[in-house]
Structure formats: structure tokens, C-alpha cells
Amino acid sequence: MGRGKIEIKRIENTSNRQVTYSKRKNGIIKKAKEITVLCDANVSLVIYGSSGKMYEYCSPKTKYCNFLYRLVVISFLSSSLCYMILIGSLIDMLDRYQRLSGNKLWDAKHENEIDRIKKENESMQIELRHLKGEDITSLNYEELIAYEDALENGLTNIRDKKASLLGSFS
């Protein structure tokens, strides 16, 4: 008798979700090892858990003992975006995929997009510091007035929301 089908959706119970994650993570690593042995395949697997912890498997032909030295992962966090630059054996696998499939995975357009988002991120961080009252010595009078107006509008909106929440409790 086979197993029953389950609906693939987020598990709401955190304990059950963690148990399922652990079992499925171990299962996919086991499958990666099996396909390496059975099919003489090169396999690289990287899993990031919700806690940010990384698990990896690399088949012996990719020299697992050198995996961490050959695979460098640099993450640039911008809002909800995470950019990864992968160097080493994984790049070799991606290049091979591109050659065999004919699909272009990376080109200058992506480099330009990363540069644009990095600049946007820097600009937003500067603006956030200004809104917090930090690093304001370089601002001129008009910029200070604009930030003051933005903060006053924000404060008014917050007070209105608080008042409406207090009104709904009575």
C-alpha cells in the first residue's frame, strides 16, 4: 500500500514544520548521495534553513574536503533580495549547464542590475540614517525641511492609527 498524497503548503505548527524540515533535508541529502554513487554524477547541494543555517553536500569528484575553500558565498541583502556570487566547483557546474542546455544563466545585464540595486540600497540606507537624525550635517536647509515634513506626516499617521485602535477597544 502506497503513502497518501499530502497537500504542499506551509506547515503552520512550528514544531511540526521543524520536524518535517529536518526529515526532508536529511532525505534530499541522502538522495543526492545515492545519485552520486548509482549514476556516477557530480552533485552539489546547498540548503539554507529558515534560521539561516547552511547545509551542503558535494560529491567526492568535486573534492568535498575543498568544497568550502572552492565555494565562496557572498550575500548582499537588500530589502528581501539576496544576491549570491558563487565561485568554484559550482560555477563549473553552472557553466556546464549553460553549454548543454543553451540557457544563459548570467550575463552583463545581471551585473548591471546588481550594481543598480547596490546603489539603491546604499541610497536607502543613507535616507534611513537621515530620517533617524543621523549624519545630517551634509544636508541643506531644504532637505532638512523635507525630512521634517515627512517625519511629521508619519507621526500624524501613527497617532491617527493609535487613536482608531483605541477607539475600537471602547
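Residue positions begin at 1 at the first shown residue.
Cβ from N, Cα, C; glycine included.
As annotated by TrEMBL, coiled coil applies to 107-134. If you look up TrEMBL, you'll see 1-61 marked as domain 'MADS-box'. Sequence annotations record features per position, and here TrEMBL assigns domain 'K-box' to 107-170. Sequence annotations record features per position, and here TrEMBL assigns transmembrane segment to 67-91.
For the coiled coil (107-134), the model gives a mean pLDDT of 83.
In terms of DSSP helix, strand and coil, the domain 'MADS-box' (1-61) has 28 helix, 10 strand, 23 coil. Residue counts for the domain 'K-box' (107-170) by DSSP state, with H, G and I taken as helix and E and B as strand, are 53 helix, 0 strand, 11 coil.
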